[in-house]
Amino acid sequence: MDKVDEYFDVALSLVKSAGNLISEHVNGCKVFEKKSCDIDLVTEIDKKVEETLIGGLSKKFPTHKFIGEESVSGGAKCELTDAPTWIIDPVDGTLNFIHGFPLCCISVGLAINKECVAGIIYNPNLGQLFTAKKGQGAFLNGRQIHVSQVTELRNALVAFEAGTSRDEERCRIVFENYKLVVNNGHGLRSLGSAALNMAMVAMGGADANFEFGIHAWDIAAGDILVREAGGVCIDPAGGPLDLLSRRVLCTSTAELAQELSKTLVQFYPERD
Ligand code: IPD
Ligand code: CA
């Protein structure tokens, strides 16, 4: 068995059992704390899911490294080396989770040599399990998925978020890009979870997704999922994706990526 397959199987079983912690609160989780601002929130469940995943993975693979959202919030270094590194968002869509809006997920990506080679995105509330491994395709609940064929913004359904910061300059650019999509695209959707937005592109439900201000843990699993589904995942200005740059653009086709990278108003947040 390939090493990545072995790593993936261990992660998948941990993700499935940690999913129960989320689905127990399908109607919402009203106890939470603020992090960087009053719309960047965390619950005890976020912390428990992350502890479960990092605890289980580090026991099995003691040399592996971790970038976990709540560990980084607690002061851990956000460092990506060539070593196998698990990039974990224990609850992506925490605001949805708190409100009982059932779109949230566990997102786990595995990077080796700084490249994502496996990813798991699991929404236990809706029973959606997205998986991908390098060179082996992308799957939803075991069935292979593919991106759409859409090549132009005028035909594209675009998933796009306001994000979880009220930074004035970032918000101004969000509104500019909002106008661009509303005026020129087929439509706009905000699921409230970066990983689920990317999963929609992977399965062809949406044609593009971009965001400025996300973190490595929001996009690592989505990156490999979209690419294995036949799509493109790059920096929003064109060029390769940089996992720590806090910028992402993923699309069904290279043509659509090129159009968006030329027309989006760009924003460069502080790096992870
Ligand atoms: C957030 C969600 C949201 C995105 C934010 C993320 P969190 O992650 O993915 O959709 O717009 O940028 O921070 O805080 O729920 O893990
Ligand atoms: Ca989170």
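Any Cβ shown, glycine's included, is placed from N, Cα and C.
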Among D218, D223, D235, which residue does TrEMBL name as a further Mg(2+) binder in the site formed by E69, D89, D92?
D218
When the Cβ positions of the binding-site residues E69, D89, D218 are compared with the atoms of ligand 2, which fall under 6 Å?
E69, D89
Can you give me the same-chain residues 6 or more apart in sequence from E69 (Mg(2+) binding site) with a CB-CB distance under 8 Å?
D46, E50, I88, D89, P90, H215, W217
Within 8 Å of the Cβ centroid of the Mg(2+) site residues E69, D89, D92, D218, which other residues of the same chain have their Cβ?
I88, P90, V91, S107, A194, A195, H215, W217
Cβ packing number for D92 (Mg(2+) binding site), 10 Å threshold:
32
Identify which of the binding-site residues D89, D218 has its Cβ surrounded by the largest number of other Cβ atoms within 10 Å, counting every protein chain shown.
D89
